Amino acid sequence: MGLTAYGNRRVQPGELPFGANLTLIHTRAQPVICSKLLLTKRVSPISFFLSKFQNSWGEDGWVQLDQLPSPNAVSSDQVHCSAGCTHRKCGWAASKSKEKVPARPHGVCDGVCTDYSQCTQPCPPDTQGNMGFSCRQKTWHKITDTCQTLNALNIFEEDSRLVQPFEDNIKISVYTGKSETITDMLLQKCPTDLSCVIRNIQQSPWIPGNIAVIVQLLHNISTAIWTGVDEAKMQSYSTIANHILNSKSISNWTFIPDRNSSYILLHSVNSFARRLFIDKHPVDISDVFIHTMGTTISGDNIGKNFTFSMRINDTSNEVTGRVLISRDELRKVPSPSQVISIAFPTIGAILEASLLENVTVNGLVLSAILPKELKRISLIFEKISKSEERRTQCVGWHSVENRWDQQACKMIQENSQQAVCKCRPSKLFTSFSILMSPHILESLILTYITYVGLGISICSLILCLSIEVLVWSQVTKTEITYLRHVCIVNIAATLLMADVWFIVASFLSGPITHHKGCVAATFFVHFFYLSVFFWMLAKALLILYGIMIVFHTLPKSVLVASLFSVGYGCPLAIAAITVAATEPGKGYLRPEICWLNWDMTKALLAFVIPALAIVVVNLITVTLVIVKTQRAAIGNSMFQEVRAIVRISKNIAILTPLLGLTWGFGVATVIDDRSLAFHIIFSLLNAFQVSPDASDQVQSERIHEDVL
């Protein structure tokens, strides 16, 4: 369907249907047409494709179009030809238009708002796109931003054929053929070195829309060019990427609607570098925020390493990173082969902004593009934050799941200045770095409390068991007292063994761990601490048995067998299943610590869930004891009521450590792991948990009498 419009005719709403072939003839007359056009194909002098839209006339010859863009569109621009065209030549390029589109009034998303409501506001003048806001605590907060200045008309360096004014009677035809992307135009205009967009990109502001455009351009280039990537192309590619890796752009990455943009950038740079051909001389392409080095290697090389020193921010402070390939590994590769490494000082922070997770990259991000025969490399990271109170993890970027993964690397050595990692490069893992945990609590006070309390606890447990041996025949004359002391002895014995294995595990933990020894220590720590809880559960069940069942009793042998089944059988089953299910996949242990893994397999739940469930059951038991002893005081004199209150308080004081209720403070340390107070209280209460057992055994004998 064809349609022709002349300069002295106004186009009415709905007069331009979807897919129409429109020819506009410019004359020296009244306003021609002002429209928001989608550029897809450049012919002579220029061609446009108009997608579906609704148009209406505005003031001074403006036409407002609300359009549904073609999926092939690569740019959207405002064009204005006013009445002034009768006295001058009217340029069609948006970058040359002197008259600006009246922006929607700002302040639409200002003021008090309703929580969780959203609104959209147009971008400032000279930019295209919208800003999205969300209301939180009755205040508008920006969440997305698509404002951009870059498009197909201005991303290239000035071309007289593109921006020259139209002469009289020049025809502009609408072309509906196959679209041409910015990447296609780039490869046509400067196929040798991709440099024809560098100047305008470097002059563009670091706003979210521009960042998204450049990321997409880099991605398209990396997928379009499969061969012939030489040093000149890599230099231009690096310069383009360097612009959006600038430290001043980091805050704007959070507003890009596509959260995958930072992942796409990292993957695109690595993919393009993989196609770099290195001739005779090593490649060294250095920009401020990206540094690429590459060379050819052979099996007779002694060893190879790349050393980077880059600024993290706008200060003069620099951090270093090194990639080392051992001679043994080099012997595995065919000759000649090439290795390439890329260092990024800021992309770690950019990934953090996109991930919205509580992790901090504490060094350079180093990418290693290696022959598939190379299975091991060593990486040395200088720490950005050199705090000794932070735990460091060696990680690799999982290119499929888009997250940092501890399975790719292992810590070899660490001090306050640097960390040495051994990593396994593969198709999934190309980029590596070190993470700093922001909330791990390392306190000398807490350490002293733990070890001093542990020593006192071990001494108290030994004293408790010694007293039990001395008075065993006197305190086990009845069946109920015998069962009660069986529970006390096993609680003390299992807690003593747990403390001993805890000390063993602490000595085995560190940057360099003995894996099999660490697995054994973790298994026994898990088993014995679970046994402590299950024996405390058995003690609680025995108290409930005494309260609820008075006249009907079970044989002593059945009760003893039941207690041992609960105390040792259940923990053994849980610990064995945990190690069998997680260790084959190397998900049983934490990195550098001999304890159950959390990040990968959530193996720690095999301890947390049973322990907290037992604490809840024991809390119910204590409540029933309080209720039972309180009933005895009803109707008695004031003196007897006071005695009952004292008796109840004493029962609570004895049962709380005996049944492990102090472990409930562990919930507080999980909810707020940054609180030093909760950690100190938890350490104090549990370090001295068994101390009362050595001195209050006689008092515990009276609890059963009180509740009957």
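Heads up, the Cβ atoms here are built off N, Cα and C, so glycines get one too.
Swiss-Prot assigns THR295 and HIS514 to topological domains bearing the same name, which places both on one side of the membrane.
Here Swiss-Prot gives transmembrane segment for one range in the set 339-359, 675-695: that range is 675-695.
ASN252 (N-linked glycosylation site) and CYS423 (disulfide bond) are 32 Å apart (CA-CA, integer value). Neighbour list (CYS421 (disulfide bond), Cβ cut-off 8 Å, at least 6 residues apart, same chain): SER378, LEU379, ILE380, PHE381, CYS394, CYS409, LYS410, MET411, ILE412, PHE432, ILE434. Counting other C-beta atoms within 10 Å of each candidate's C-beta, the disulfide-bonded residues CYS394, CYS409, CYS423 are led by CYS394. For the glycosylation sites ASN220, ASN260, counting C-beta atoms within 10 A of each C-beta gives the highest total at ASN220. Summarising model confidence by region, the topological domain 'Extracellular' (509-530) averages a pLDDT of 84. Spacing of ASN260 (N-linked glycosylation site) relative to ASN252 (N-linked glycosylation site) is 14 Å (Cα to Cα, whole number).
Long-range neighbours of the topological domain 'Extracellular' (579-606) within the same chain, counting only residues 6 or more positions beyond its ends whose Cβ lies under 8 Å from a Cβ of the stretch, are 391, 393-394, 406-407, 410-411, 505-506, 508-511, 513, 515, 518-519, 521-523, 525-526. Local packing around the glycosylation sites ASN252, ASN305 was summarised as the count of other Cβ atoms within 10 Å of each Cβ; on this measure the leading residue is ASN252.
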